[in-house]
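Working notes, structure below.
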Amino acid sequence: MELIFLGTSAGVPTRTRNVTAILLNLQHPTQSGLWLFDCGEGTQHQLLHTTFNPGKLDKIFISHLHGDHLFGLPGLLCSRSMSGIIQPLTIYGPQGIREFVETALRISGSWIDYPLEIVEIGAGEILDDGLRKVTAYPLEHPLECYGYRIEEHDKPGALNAQALKAAGVPPGPLFQALKAGKTIMLEDGRQINGADYLAAPVPGKALAIFGDTGPCDAALDLAKGVDVMVHEATLDITMEAKANSRGHSSTRQAATLAREAGVGKLIITHVSSRYDDKGCQHLLRECRSIFPATELANDFTVFNV
């Protein structure tokens, strides 16, 4: 999987940062696709600065209904239709997301020429497509808000082709059945169990993408053991009380959570517009003093998961 940050500013855009939007490139050999997490104003314009085709976008996950995470959605939906894209799209979000989309389309006289499904979610598993699952966790914010945990299913281990050939199993369709863990019968009557020739399963990757939040009970479960955690660091340590009073987190709180959850990497985003480039580097240093494996997301930064 690959993360592409389309917007990394909190609340309002700056000259160098648009408001929140994160693209997830699934990069799976049998199921390509793009998922979008939040869609602040201007997201479709940010997409134009990438090589990604909006037609590949098949799922959008909205964390909450504050404008800096949502106001780009109607425009993106309409432009997708005007471009002749007919591939289905599913939107997941909290209660009210359906009314928002339908009202925006109705009042503006807009229409959508592709299948559009809107799923209003609660806490718990919201999706399992056979390759990965997505679970929503409630966060601490003035509006109903969720973070999303994306977990790939484990992949089958490598097939020991050399041992199978030595056992007299010819390559081809039988190898495919054994790779799936099935038992086959050879012409001489011998049974070969695929599980006996498979290496241990390869653990799937796990990713946690937080919406806006102050410290909360669900955060540790959401982030526990993931390879990459994306979390806001709206304000620095000296402004922690102000951040919490508005349902946000400081650098210290983001980094401390990453350390306690045992994540592989922390990526901080959603930084206040009060910080220029020098100020953003200060935020990064504060996080790294607690959790060294921290990176700062800028607009169009790409990270592998």
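Each residue, glycine too, has its Cβ placed from N, Cα and C.
According to Swiss-Prot, the feature Zn(2+) 1 binding site maps to HIS64, HIS66, HIS141, ASP212, an assignment based on sequence analysis. Taken residue by residue with DSSP, HIS66 (Zn(2+) 1 binding site) is part of neither helix nor strand, so it is coil. The Cβ neighbour count for HIS66 (Zn(2+) 1 binding site), using a 10 Å radius and every protein chain shown, is 21.
For ASP68, HIS69, ASP212, HIS270, the entry in Swiss-Prot reads Zn(2+) 2 binding site. Around the Cβ of ASP212 (Zn(2+) 1 binding site), a 10 Å sphere holds 27 further Cβ atoms from the protein chains shown.
The Cβ of ASP68 (Zn(2+) 2 binding site) lies under 8 Å from the Cβ of SER9, ALA10, GLY11, VAL12, VAL19, THR20, GLY40, GLU41, each of which sits 6+ residues away along the same chain. Residues or ranges marked as active site, proton acceptor by Swiss-Prot on the basis of sequence analysis: ASP68.
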Which secondary structure state does DSSP assign to ASP212 (Zn(2+) 1 binding site), in the simple three-class scheme? coil
Determine which residues of the same chain, besides HIS64, HIS66, HIS141, ASP212, have their CB within 8 A of the center of the CB atoms at the recorded Zn(2+) 1 site, and list them by sequence. SER63, LEU65, HIS69, LEU139, PRO142, LEU143, CYS145, GLY211, THR213, GLY247
Give me the long-range Cβ neighbours of HIS69 (Zn(2+) 2 binding site): same chain, 6+ apart, Cβ under 8 Å, in sequence order. VAL19, THR20, ASP38, CYS39, GLY40, ILE62, SER63, GLY211, ASP212
Counting other CB atoms within 10 Å of each candidate's CB, the least crowded of the binding-site residues HIS64, HIS141, HIS270 is HIS141
